[in-house]
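Chemist: The structure under discussion is supplied below as structure tokens; questions concerning it will follow.
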Amino acid sequence: MRSAQVYRWQIPMDAGVVLRDRRLKTRDGLYVCLRDGEREGWGEISPLPGFSSETWEEAQTALLTWVNDWLQRSDALPEMPSVAFGASCALAELTGVLPAAADYRAAPLCTGDPDDLVLRLADMPGEKIAKVKVGLYEAVRDGMVVNLLLEAIPDLHLRLDANRAWTPLKAQQFAKYVNPDYRPRIAFLEEPCKTRDDSCAFARETGIAIAWDESLREPDFVFEAQEGVSAVVIKPMLTGALDKVRAQVAAAHALGLTAVISSSIESSLGLTQLARIAAWLTPGTLPGLDTLHLMQTQQVRPWPGSALPCLNRDELERLL
């Protein structure tokens, strides 16, 4: 016997969370809980403002339609990426496809203070990897900060994310301030320039490896070996159903690229599922999931070790 619940939620964010030049005051989303007999599966649907093509309201309409179809024994997944992902996660839990084992390690987001980063990395097992957002300030400043971090912590590897912020000139200004001897310890720089051609040229000219992120979601993107490209960063909430995520990981691995499962600022429930997806599809690769600290609360499933309070399902607004 199939049954389902849909919940709507809104989580206050810490001050200072800015996405694409707009402040994110709350993180808005939905949960779906599917039941079939004794089995249960959850999924999160939370389009990311400025990045997702669909809005929260559009996702809600599509989710409710899909749930009603599922209750009538239709198993086709919705097209909308966030709804397809959340629905497929709920189904994967329900059927036991999504393993319980999780990789709760996370590459810490660094604000540029090497002393703070040293403390955060001290307890980190294995490779020391951190992430730095670049492109928000002057490119020269970014280059100096990255150089300082790599100089201060000799076994550090950095993942950098520019979100296509730089012109080719700005990207070169950044690289100029990073010691060539340290550049191999930049694991990758996500999407430095506005076009893929400019980003590839930057990688060839500087020896700094790059990764694709936004490009994966463009209709003309194809997986191919390219000089200077070392990784792809996959954000499942923006990608679609789990099968599509699996296909992208497989395509990347077939080319010898690193595939990184990354957060779209999901709630704790969504983050714990991403940790499981990472352990399942990209074992041994540190996922990019260090975003829970941007929120003021957790929901339904807490992240291990987090001190944030956690709401249970009864405290959420139920739509169905």
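Glycine too: its Cβ is placed from the backbone N, Cα and C atoms.
The following feature annotations were taken from Swiss-Prot:
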type	residues	note
ACT_SITE	LYS133	active site, proton donor
ACT_SITE	LYS235	active site, proton acceptor
BINDING	ASP161, GLU190, ASP213	Mg(2+) binding site
Chemist: Given the recorded positions ASP161, ASP213, LYS235, which lie close to LYS133 (active site, proton donor), meaning Cα to Cα within 10 A?
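Modeler: Matched recorded positions: ASP161, sequence order.
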Chemist: Measure from the Cα of LYS235 (active site, proton acceptor) to the Cα of every one of the binding-site residues ASP161, GLU190, ASP213, then give the nearest.
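Modeler: Nearest listed residue in space: ASP213.
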Chemist: Could you tally the C-beta atoms, other than its own, that fall within 10 angstroms of the C-beta of ASP213 (Mg(2+) binding site)?
Modeler: 24
Chemist: For each of ASP161, GLU190, count the other CB atoms within 10 A of its CB; which of these binding-site residues has the top count?
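Modeler: Most Cβ neighbours within 10 Å: GLU190.
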Chemist: Comparing the active-site residues LYS133, LYS235, which residue's C-beta has the most other C-beta atoms within 10 angstroms in this structure?
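Modeler: Answer by Cβ density within 10 Å: LYS235.
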Chemist: Which of the three DSSP states, helix, strand or coil, fits GLU190 (Mg(2+) binding site)?
Modeler: strand
Chemist: For the recorded Mg(2+) site formed by ASP161, GLU190, ASP213, name the remaining residues of the chain with Cβ within 8 Å of the site's Cβ center, in chain order.
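Modeler: Not counting the recorded site residues, we get ARG159, LEU160, ALA162, ASN163, LEU189, GLU191, ALA211, GLU214, VAL233.
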Chemist: Sort ASP161 (Mg(2+) binding site) into helix, strand or coil using the DSSP assignment.
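Modeler: The residue in question, ASP161 (Mg(2+) binding site), is strand (DSSP, three-state).
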